[in-house]
Amino acid sequence: MANFILLMNMGRRIRFSVAQPVVIMAWYTSAIMMVVLLIIFRYTQAGPGRPGFHLSQAYYYGALATALYYVIPTLLAITYYGASRGYYTKEFKLSPSQRTLTLQTIIFFIYLLGGAAVFARIESWRFLHALYWADFTLLTIGIGNLAPSTHLGRSLLFPFALGGILILGMMIGSIRALVLERGKQTVGHGIMIFTFNTMARHASDSRSRLYRYIPHLDQADKESERDRVRKEMMFLRTVKRIATLQRRWMSFLISFAVWMVMWLVGAAAFWKSESSQSWTYFKALYFSCTSLTTIGYGDVYPTSTWGVSFFVFWSLIAVPTLMILISTLGDTVVHGVREFITFLGEATVFPEETSTRGVHNAFIKHLIRGTTKADRHRRQHESAPSTGQHSSSAHAEDASWGDLRSYHRALFSNLHRLIELAVSGEDKEFCQDEWDYYLRLINRSGPLAAILHGSLSSDWEDSDVKKGHGPASGQKHKGGLQSLVQPGSPLLSGQTEAQWLLEAVAKTIKYELHKADPSFSTNRL
């Protein structure tokens, strides 16, 4: 009942305030009933007075289920409390990755249990033994102490294994996407703010060691608005690259720590459960490692009822952690090794015309700013978003914006180009001339920095337009370096540059439409 009500709540069929208390109480009630049953069975059927009886796998599966029955409602209670205090929304709005993972998990467990039932019938196994076999088969561990022996069983193994591995692969991909999604939302914001504050101190201190590697912000009062915006844009990009790198390493370290916990804790559990086989802790570590890495030699395996039951539970959690760890390696360690090999080659075997120290400084700048010679060459010849002609003619076209018709034509023309870029998913970085062009397009008569600081990119609602606030007014711009970390700025918007500019241009068009016709409501769009 609790699962059904929770599913209805996630599907928005039952209100959050009604469903959550019922689900929490149902789960806790189930947990209490399970504990009572386990205690009664333990001391009446397999107690000291019944030496001939031993606890079966089903008993230990029940104990593991009871633990989950306590963990799940506790997490739901924390969520319900946070929602009642305003920390979370009172609605389940599942993202595509969450919805996909939920369905894939249900399908995988139906496939696992159904396959175990079929092979138990064919091979004359007990169902829980067949579940143990299906688990290490679909997880590609292949311990080998249990295998089908009939012709029919071996024949059905082909489609069963291939189908299960395919479902498992899709499920792990969804888990990775969900972990990355949540990491960007929870960890990414805090790291971005911390990195911004740290880099701002270095960018304003000429005595800092990083001062020559990052854009300088200590001479803003002596520069024109165009030069100041240019440096702030370069500074934002530098902060974003470093924060992204830090977030990736943070994800890798968390994944590695979780994998180590699963390895060490799993080994301790197997060491305890297989004490009758005289397992040492090192032997348990060896078995956990070969299982966790899906090597599965099969020379060591659990035989106790508690060890087999725990193995099924543990492997279903531990193996996906390895896959997530491997996926984070590509964004961190592998990328760093590739960059180091490139640097080593330029400094030794394939030296450039610059000195070794120059190569070293260029390498540090590349890590911080994320640019290579090929990138710089490409950006020098890069123009506007699509085929782009206004990189070279930005100022000439800017001058023609005195004509309102030309200005509106430019807005809709660039809207189409930016839509193409945003839909393509390309993370394009615009050159400075393009940013100058777009900032003036968005805020034709106001200060350029107002757009960059996010003061005009998040509040262009009907109420603001009616009060005279909008892209051309600049009335909401407060300025200051700290305004670069406002939620509407390019740094914290969570969007690519093309997506951010597309939203800003669309809001500018809404403002222009309302200005041309005051009866027009921007809420129509």
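Using the three backbone atoms N, Cα and C, a Cβ is placed for every residue, glycine included.
As annotated by TrEMBL, compositional bias 'Polar residues' applies to 383-394.
The annotation domain 'Potassium channel' is assigned in TrEMBL to 106-178 (among others). For the domain 'Potassium channel' (106-178), the number of residues in each DSSP class (helix H, G, I; strand E, B; coil) is 58 helix, 0 strand, 15 coil.
Annotated domain 'Potassium channel' per TrEMBL: 259-333 (among others), in sequence order. Residues of the domain 'Potassium channel' (259-333) grouped by DSSP class, helix first, strand second and coil last, total 58 helix, 0 strand, 17 coil.
Per TrEMBL, region 'Disordered' is recorded for 370-395 (among others).
If you look up TrEMBL, you'll see 462-481 (among others) marked as region 'Disordered'.
As annotated by TrEMBL, transmembrane segment applies to 21-43 (among others). For the transmembrane segment (21-43), same-chain residues at least 6 beyond its ends with a Cβ under 8 Å from one of its own Cβ atoms are 1-2, 5-6, 9, 55, 59, 62-63, 65-66, 69-70, 72-73, 76-77, 80.
Residues 20-21, 23-25, 27-28, 30-31, 34-35, 37-38, 41-42, 46, 88, 128, 305-306, 309-310, 313 of the same chain, all 6+ positions outside the transmembrane segment (58-81), place their C-beta atoms under 8 angstroms from a C-beta of that stretch. Residues or ranges marked as transmembrane segment by TrEMBL: 58-81 (among others).
Annotation source TrEMBL lists transmembrane segment at 101-122 (among others).
Per TrEMBL, the feature transmembrane segment maps to 156-179 (among others). Note on the transmembrane segment (156-179): residues 95, 97-98, 100-101, 104-105, 107-108, 111-112, 115, 118-119, 122, 134, 137-140, 148, 251, 320, 323-324, 327 of its chain, located 6 or more positions outside it, place their CB under 8 angstroms from a CB of the stretch.
Sequence annotations record features per position, and here TrEMBL assigns transmembrane segment to 249-271 (among others).
Per TrEMBL, the feature transmembrane segment maps to 306-329 (among others).
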